[in-house]
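The following features are taken from TrEMBL:
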ACT_SITE  D400  active site, 4-aspartylphosphate intermediate
BINDING   D400, T402, D807, D811  Mg(2+) binding site
BINDING   D400, K401, T402, E489, F531, K554, R585, T665, G666, D667, R780, K786, N810, D811  ATP binding site
COILED    599-630  coiled coil
DOMAIN    28-82  domain 'P-type ATPase N-terminal'
DOMAIN    112-259  domain 'P-type ATPase A'
DOMAIN    833-1009  domain 'P-type ATPase C-terminal'
TRANSMEM  55-73  transmembrane segment
TRANSMEM  281-304  transmembrane segment
TRANSMEM  335-354  transmembrane segment
TRANSMEM  947-969  transmembrane segment
TRANSMEM  981-1000  transmembrane segment
TRANSMEM  1020-1043  transmembrane segment
Amino acid sequence: CAGEEKRVGTRTVFVGNRPLSETETYVAQRFCDNRIVSSKYTLWNFLPKNLFEQFRRIANFYFLIIFLVQVTVDTPTSPVTSGLPLFFVITVTAIKQGYEDWLRHRADNEVNKSTVYIIENAKRVKKESEKIKVGDVVEVQADETFPCDLILLSSCTTDGTCYVTTASLDGESNCKTYYAVRDTIALCTAESIDSLRAAIECEQPQPDLYKFVGRINIYSNSLEAVARSLGPENLLLKGATLKNTKKIYGVAVYTGMETKMALNYQGKSQKRSAVEKSINAFLIVYLFILLTKAAVCTTLKYIWQSTPYNDEPWYNQKTQKERETFKVLKMFTDFLSFMVLFNFIIPVSMYVTVEMQKFLGSFFISWDKDFYDEEINEGALVNTSDLNEELGQVDYVFTDKTGTLTENSMEFIECCIDGHKYRSETQEVDGLSQTDGPLTFFDKADKNREELFLRALCLCHTVETKTNDAVDGATEPAELTYVSSSPDEIALVKGAKKFGFTFLGNRNGLMRVENQRKEVEEYELLHTLNFDAVRRRMSVIVKTPGGDILLFCKGADSAVFPRVHNHEIELTKAHVERNAMDGYRTLCVAFKEIAPDDYERIDRQLIEAKMALQDREEKLEKVFDDIETNMNLIGATSVEDKLQDQAAETIEALHAAGLKVWVLTGDKMETAKSTCYACRLFQTSTELLELTTKTIEESERKEDRLHELLIEYRKKLLHEFPKSARSLKKAWTDHQEYGLIIDGSTLSLILNSSQDSRSNNYKNIFLQICMKCTAVLCCRMAPLQKAQIVRMVKNLKGSPITLSIGDGANDVSMILESHVGIGIKGKEGRQAARNSDYSVPKFKHLKKLLLAHGHLYYVRIAHLVQYFFYKNLCFILPQFLYQFFCGFSQQPLYDAAYLTMYNICFTSLPILAYSLLEQHIHIDTLTSDPRLYMKISGNAMLQLGPFLYWTFLAAFEGAVFFFGTYFLFHTASLEENGKVYGNWTFGTIVFTVLVFTVTLKPFLKQQRMYFIFAQMLSSVSTWLAVILLIFISLFPEILLIVLKNVRRRSARRNLNCRRASDSLSTRPSVRPLLLRTFSDDSNVL
């Protein structure tokens, strides 16, 4: 039916799980329970689910196939040789993942088994948290966390408010105020709560922490419903903590995995580093080498066997079954056998080693004392260790301005009232008025206008007050502490206080203000039109003590100027532009009187929009837009946001390292431009190219003017810079530097042109201009536009690595979009830090994070990956060469134990230690000389050149191991007793030399170890000491073994002589010489 269609995506919750009247029957609704499940596995699905996930990796799946081939086909090596390493890798990974999941299970049980109190039949009932159902009324005491998402019904305070910290959700440590609807404020006991008959209609669960749409219908005895709207200010989130309030009652609306906290920890996209892509490419190359080796050996085997004597020698006759086997099938079986023989060229243990290196290496960031910030008492945090090496490959840095480059610690500087400037050096307004340059003909602002402006600052905000002493009655202003999620609002309220107007807080819906005459004025707060990033303004509607209804509005000049009378703008515009050039943040303040009849209409529209469950935000935005028109401009404010410590030095270092830095901000152009000069993003010699509304509006046809500017800028830049992309970074220092400034409206024009073909043309030219500029400033950016910019650069030719850094919720989109996301633990909450890959306290820490840690992580992982392929090619090449000397019989060169343990034990741990601890360049050198970062950019160490170098090196050394041992056996293969060395001895010598060589290889790359080995090689005494000490250490055991062998041989010789004498005495031998020749003491190869 139509009614049901309107309620799509909503749920109805009955408070207390009771029917709305005694005559109705209550049918229990089905919602999920309150269990939190963050674990991935259960006892029953762990084995199949974990194995499925592990065998999705190409290397693991490959070795599983090899193992199955060894089991089903007669292969030269035992299935243990590939099965045991695979089992080791799978087991280690499973144990690691199982342990991590067990920790998650334990944490879940601590939450699910915690004690809560439910109101049932007017009594407090003790239950476990997981037993809470949607609709239950829950009692929460001070300093307890909310067990599920609750709608606040009442609290111990008379006004139905409570204070909550959401640090575990968004990191904000300051107290936030939440409100109960006025109809349930008085229900402060279990008995009164139990008498409540109400139903809540709200949206279905969704993860946004800051959005909630619902309404509560309260039924009296006459069953006449009273409807009240519900928003995020009424919703207490699971994981938040109750503070400064003794007790609250709330009704559960979302439980368990449907709470906003649980939904926020699900479905985060997985990012892959460039190194992983290189590993996959190398695996394909080595798989091709493996197939080639197997095909060559199979072909040569049948060429060798084309000679009858080689195909069936007298000592190895074929069976009848082998003669009847199809030749094609036999060739395929031989091909598989060679595949098995050479399969160790694929490094099975590399994935585990890389994972361990990344996981253990990430602790170096967390442990770095230089990242510790005493102000917030925190250091750096690693949210994902999979991208450590990506920190050393960044090409573009996208940074927010406010709170990232600046402190986000606002200080009120001055204000403008009707074009007259008021400084904040003293608390008195009179006598401090100055006129801005071209406005000298205006008189001093009227006293009533001054007071109206200051009242607007005291009333148009969402600031809460806290007092040290909970004493009823008026409190001294000095004891007030202002609390708000926006530092701007606190700065403005404090600025008004300096001029004699003090905001005293809210009491029973009345906003209390102390004026210059120390009189307390009370204003009834009728409606708050909240700030959002699209409107860029906020308003309040209040009723004065005299009964007048006023609307006060503050916001960005671009959002306020179009909504005020035109003749008033010029009075304030000069002040705003001058302060913006000085780097101050400016806000314009306006008001209008609302007639009683108009207010009734506005009130009705606002209530109707607030009660809507579908499209509430769009409906509210439309109503806000209609209300905030035809206003009167009063003046403007200026607050200073100081630059962060070492922000300029950090940007200079990033530029020197060859990185391009883009500033993406929602602030106005003049303010952002001034900040960019202060932090040295733009130098005094930088020529700025502007693509802004101001430059485009000079022409009647905006698109034509935009096209002209794009063509003009491209010609200038293409003429200045060479076409080669590799020489572009060097050209920055040799040629004129260019910077680009673009605003949000112009970017929309470029990306969303009226014609698709023209839009693509604009976009291509714009990208060409951006690539030639050393720095780009994007101002007046919406959060979505920030993500669009990052995505556009990510898709450039060559797929440059992007990094985004920000501190606020409006930066989350670009942080998630970029290859690497960095969150600043700032004052706008922790939304950015929660959604980032790495979080640091300050922007200055980015310098060491990239230039030192990123550089070292990349070099270490690059050596690790190249080394794994190198050592496996060294290992398997002698096996391949050996086939040319054994008739391609698939005879293994190495013992099965060596094949099994080579990757697991002999060669994994040294390179792991090297890849964790190696510092080929000192950290201080890396941070002081940013140009070193350019040497590893573009994945330089994992390109085709270095890969071929390591491959040819492995081929050379593998050939030396084999042929060196081969020629050694030509001259010294016989012992004194006539024995000759066998093939296992040959293989063991090759393996021994191989292990020593590949183990020492990483340490030769280390500069310090290079000089050590050079000194050792040139010192005879060192070699003598090493040989003697090894010999002395092993001598007792060697002597014991020799004595045992001598005794065993003597006993065996005596036994043989006794048997021979017994045989001769009973039966004469006709061939004694032949018997002696083939006696047990001889061993012919």
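Backbone N, Cα and C define each Cβ position, glycine as well.
Proximity note: of the listed binding-site residues (F531, G666, D807, N810, D811), G666, D807, N810, D811 have a CA within 10 Å of the CA of D400 (active site, 4-aspartylphosphate intermediate), given in sequence order. Mean pLDDT across the domain 'P-type ATPase A' (112-259) comes to 85 in this model. Here the domain 'P-type ATPase A' (112-259) is broken down by DSSP into helix, strand and coil counts: 19 helix, 65 strand, 64 coil.
Sequence-distant contacts of the transmembrane segment (55-73) (same chain, six or more residues past either end, CB-CB distance under 8 Å): 79, 81-83, 85-86, 89-90, 280, 283, 287, 333, 336-337, 339-340, 343, 346-348, 350-351.
T402 (Mg(2+) binding site) sits 9 Å from G666 (ATP binding site), taking the CA atoms of both as reference points. Within the same chain, residues at least six positions away from D811 (Mg(2+) binding site) with a Cβ under 8 Å of its Cβ are D400, T404, P783, K786, S804, I805, G823, A832. Through the fold, the transmembrane segment (335-354) approaches residues 57, 59-60, 62-63, 66, 69-70, 73-77, 81-82, 85-86, 88-89, 92-93, 279, 283, 286-287, 289-291, 293-295, 297-298, 861, 864-865, 868-869, 871-873, 875-876, 879-880, 883, 890, 892, 899, 902-904, 908, 911-912, 915 of its own chain, all at least 6 residues removed from its boundaries and within a Cβ separation under 8 Å.
Remark: secondary structure over the domain 'P-type ATPase N-terminal' (28-82) totals 28 helix, 0 strand, 27 coil, with classes taken from DSSP. Within the chain carrying the transmembrane segment (281-304), a Cβ under 8 angstroms from the stretch's Cβ atoms is held by residues 58-59, 62, 310, 331, 334-335, 338-339, 342-343, 345-346, 865, 869, 872-873, 876, 880, 883-884, 887-889, 947, all 6 or more beyond its ends.
For D807 (Mg(2+) binding site), the nearest of the binding-site residues F531, R585, G666, R780 in terms of C-alpha separation is G666.
A sphere of 10 angstroms centred on the C-beta of R780 (ATP binding site) encloses 22 other C-beta atoms.
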